[in-house]
Amino acid sequence: MIPKCRCSAGGLADRTPYEEVVLDTMLYSARLKENVARQNSAVIVAMARLIASTFEDGGKLLLCGNGGSAADAQHLATELTIRYRSSVERPALPAIALNADTTALTAGANDLGYDVVFRRLAEAYGREGDVVLGLSTSGNSRSVFNVLQYARGHGMKTIALTGGDGGIIKDLADLSIVVPHSGSADRVQECHITIGHVIIDLVERLLGYSPSRK
């Protein structure tokens with residue numbers, strides 16, 4: 001039986017085990033984000049500068065990931081192409097989530113093998129001067145590794161957001177951030193999406209659009 005919340009007029013009299021889970025989880029996530037921010041603030045700014053300058057030069061941002069990281073890639077691409085915050089008016093910015101086209105993904109996986117699907121799409125959409133951003137909570141996604149490797153060999157810049165020890169992807173990217181958490185993907189993904197949001201905010205500022213409210 002699930003324990004009921006025991007409350008008093010002044011608030012919680014004491015916490016249930018489930019409330020402790022809430023507190024522990026959210027505080028750990030907050031501390032992890034703080035640690036990542038303190039260790040990587042300059043790298044995050046460098047990522048934003050790279051993306052902003054790419055847009056200014058007429059290039060585009062290609063993003064990719066698998067599972068929850070695929071959702072993050074689509075999330076961030078949409079906020080660049082459509083809108084991040086309603087307080088900033090700006091043109092659409094060219095960002096494509098390579099994992100968004102299920103027909104292309106399934107055809108590529110069936111005909112070529114899943115590990116090369118993102119690479120194949122980068123062959124179609126990527127051009128010299130573009131940026132490829134790969135997300136992998138373990139850093140060991142072969143499909144992300146392959147597209148970053150292709151991008152580097154074809155005049156594109158590369159960014160990686162990973163977790164754990166960074167895996168095989170960390171040293172392949174021009175700019176990378178490793179979220180120091182292993183054992184589960186959820187906390188890493190929470191950091192990745194926050195990093196992505198900060199990058200978008202900075203890109204808008206660097207391109208001269210009105211600062212977003214917090």
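Just so you know, glycine gets a Cβ as well, placed from its N, Cα and C.
Under the heading domain 'SIS', Swiss-Prot lists 51-209. According to Swiss-Prot, the substrate binding site annotation covers Asn66, Gly67, Gly68, Glu79, Asn110, Asp111, Ser136, Thr137, Ser138, Ser141, Gln189, on the basis of sequence analysis. The Zn(2+) binding site feature in Swiss-Prot is assigned to His75, Glu79, Gln189, His197.
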DSSP-derived class (H/G/I helix, E/B strand, else coil) of Ser136 (substrate binding site): strand
For Asn66 (substrate binding site), the three-state class that DSSP assigns: coil
Inter-residue C-alpha distance, Glu79 (Zn(2+) binding site) and Ser138 (substrate binding site) (nearest angstrom): 25
Fewest Cβ neighbours within 10 Å, where candidates are the binding-site residues Ser136, Ser138, Gln189, His197: His197
Distance, His75 (Zn(2+) binding site) to Gln189 (substrate binding site) (CA atoms, angstrom): 12
Inter-residue C-alpha distance, Asn66 (substrate binding site) and His75 (Zn(2+) binding site) (nearest angstrom): 13
Least surrounded among the binding-site residues, given as Asn66, Asn110, when other CB atoms within 10 Å are counted: Asn110
Mean of the pLDDT scores, which run from 0 to 100, over the domain 'SIS' (51-209): 97
Rounded Cα-Cα span from His75 (Zn(2+) binding site) to Ser138 (substrate binding site), Å: 20
Env. residues of Zn(2+) site, Cβ within 8 Å of mean position of His75, Glu79, Gln189, His197 Cβ: Asp72, Leu76, His192, Ile193, Thr194, Gly196
Largest inter-residue Cα distance among Asn66, Gly67, Gly68, Glu79, Asn110, Asp111, Ser136, Thr137, Ser138, Ser141, Gln189 [record-listed substrate binders, Å]: 32
Proximal but sequence-remote residues of the same chain as His75 (Zn(2+) binding site) (Cβ under 8 Å, at least 6 apart): Ile193, Gly196
For His197 (Zn(2+) binding site): DSSP state (helix, strand, coil): helix
